[in-house]
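Copied over from TrEMBL, here are the features:
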TRANSMEM  A:30-54  transmembrane segment
DOMAIN    A:31-251  domain 'ABC transmembrane type-2'
TRANSMEM  A:66-84  transmembrane segment
TRANSMEM  A:105-134  transmembrane segment
TRANSMEM  A:140-161  transmembrane segment
TRANSMEM  A:173-192  transmembrane segment
TRANSMEM  A:225-244  transmembrane segment
Amino acid sequence: MDIIKRIIKYRQLFIVLVWREFAVRYRYTIIGVMWAGLQPLSMMLLFTFIFTYIMKIHVSAYPSFIFYFAGLIPWTFFAHSINSSIPSLTNHYQLITKIYFPRELLPLSSIATALLDFVICAVILFVFIVIYQIPLTWNALWLFPLVVLLVVFTTSVSLFLAGLNVYYRDVRLASNFLIQLWFFMSPVMYSVDSLGTKMKLMLFLNPLTFIIENMRRVLLEGRGIVLWQMAFVCVVIGVFYVVLTKFFIKIERAFADVI
Amino acid sequence: MSSDEYTLKLDGVWKKYSTTDFFHKSIREEIVGLFNRKKDDTLSKDEFWALRDINLEFKQGDVVGLYGTNGAGKTTILKIISSITYPTIGSITVNGTVAPLIEVGAGFHPDLTGRENIYVNGTIIGMQIKEIKEKMDNIIAFSELAAFIDMPVKKYSSGMYLRLGFAIAVNSSAGILLFDEIMSVSDGAFQQKCIDKIKELKRENRTIVMVSHNLSLLRETADKIYLIKDSTAVPMSAG
């Protein structure tokens, strides 16, 4: 809660930092903001090609590229957030050693930029849903709490890693490999649906499994959410958030001396 | 004393820094510190006191100069005032808003235009977006950069960069302003303009803390000067 209070106090700076990051990213580019959709779309094409023609895996009743795209959107948000927030503090060491502001604003503005990309991709997904006439049900409303869980989880992990990177630059070096591992542990190119209980439980240790899997279910398959699982994941992510943000605020005071 | 007065008090402030590059220890100390609170007032190997028992008190309307050679601890004092860093021992009391300004042009992004960077730097030093919009014309006029304001700042010369930064800084509405060596690089005419502006801010009854190793410049503007030497502060005669 501390972090939310601090952001509200510094919201004007936060808005400007998000705008700055977004503006700078697409300045001097030809296709500009279209880059936001390009990466997940090309990954989608790749998966569709590999799993339709090479490995011949049947993943869904609806077109499989939509299946992959729906998994790639939350995944890309998570991966981009982590990747851009880890160096966000160390890259701005000049600001950190000269000016006081809540340090979490830097990683958070990276996350906010990734969230804007997420929204752009979500619009593209919605266009696919309309074109391929995938029926939406009321269960699709579960999407909103799922997005909240995704953002809270991503924020906790990003703040933790970004803060740790100030002390140990190993974090930055390890992150690529870590994200790659995490990718295969998350149901982006597969679904946990067909797996046995043991395997499912193991994969559900990763909060992203629950989030990505259920985003697809409620939106594309019109299925509901298992409530006890939802409650469990909420508690896990809540604990993550409290512990990791406390840790960040604790070490944040020394950033200017250490960085 | 009414609460809307801007005052600033440093009470027996000591600050310890380490000379080594290895900070692995410090995060461990933070974590250990969660469990046992002990004040470490002793130096271990590779540590030194950047500040030793600093006692300063600034009242509203004070223009204070901190004078000293490089590395004497002047900037560390400003950093502690603006809570960029924290004292190892001692306490600081701040009444009023501190413009978190230590260097001009903080947060300027080379790819953004002068005008866009006014928003970035302005909010970083604590201004509201609305306030920046209102003051935009003033800021541009003060910087004398009207012709170049929509150009990316990477194409600015360092003098132009500095002028834009200073123009934003002096338009801050904060009660306590901190300036670190900001006038030493600009040309004579602009420097005079800055001195006049500082005098004007003083008439508005704002508290200003200035750091410089240019004593004559400090004598011209400040009404209290402290010599920062060997990590301690000694009052000097002003004017």
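Quick reminder: no glycine exception, Cβ is built from N, Cα and C everywhere.
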Contact ranking winner - A:105-134, A:173-192, A:225-244 against the transmembrane segment (A:30-54), Cβ under 8 Å:
A:105-134
Give residue numbers and ranges for long-range contacts of the transmembrane segment (A:173-192): same chain, 6 or more residues beyond its ends, CB-CB under 8 A.
47, 51, 59-60, 67-68, 71-72, 75, 79, 82-83, 86, 161, 199-200, 203-204, 206, 208-209, 212-213, 216
Cβ-Cβ under 8 Å with the transmembrane segment (A:140-161): same-chain residues at least 6 beyond its ends:
3, 74, 77-78, 81-82, 85-86, 104, 107-108, 110-111, 114-115, 171, 175, 207-208, 211, 214-215, 218-219, 222, 224-225, 230, 233-234, 237-238, 240-241, 244-245, 247-248
Please report, as numbers and ranges, the same-chain residues at least 6 past the borders of the transmembrane segment (A:66-84) whose CB is under 8 Å from any CB of it.
39-41, 43-44, 47-48, 51, 59-60, 110-111, 113-115, 117-118, 121-122, 124-125, 128-129, 132, 134, 150, 153-155, 157-158, 161, 175, 179, 182-183, 186-189, 191, 208, 211-212, 215-216, 219-220
Are there residues at least 6 beyond the ends of the transmembrane segment (A:105-134) whose Cβ is under 8 Å from a Cβ of it, and what are they?
7, 10, 13-14, 17-18, 20-22, 25, 33, 36-37, 40-41, 62-63, 65-66, 69-70, 73-74, 76-77, 80-81, 84-85, 88-89, 92, 95, 151, 154-155, 158-159, 162, 219-220
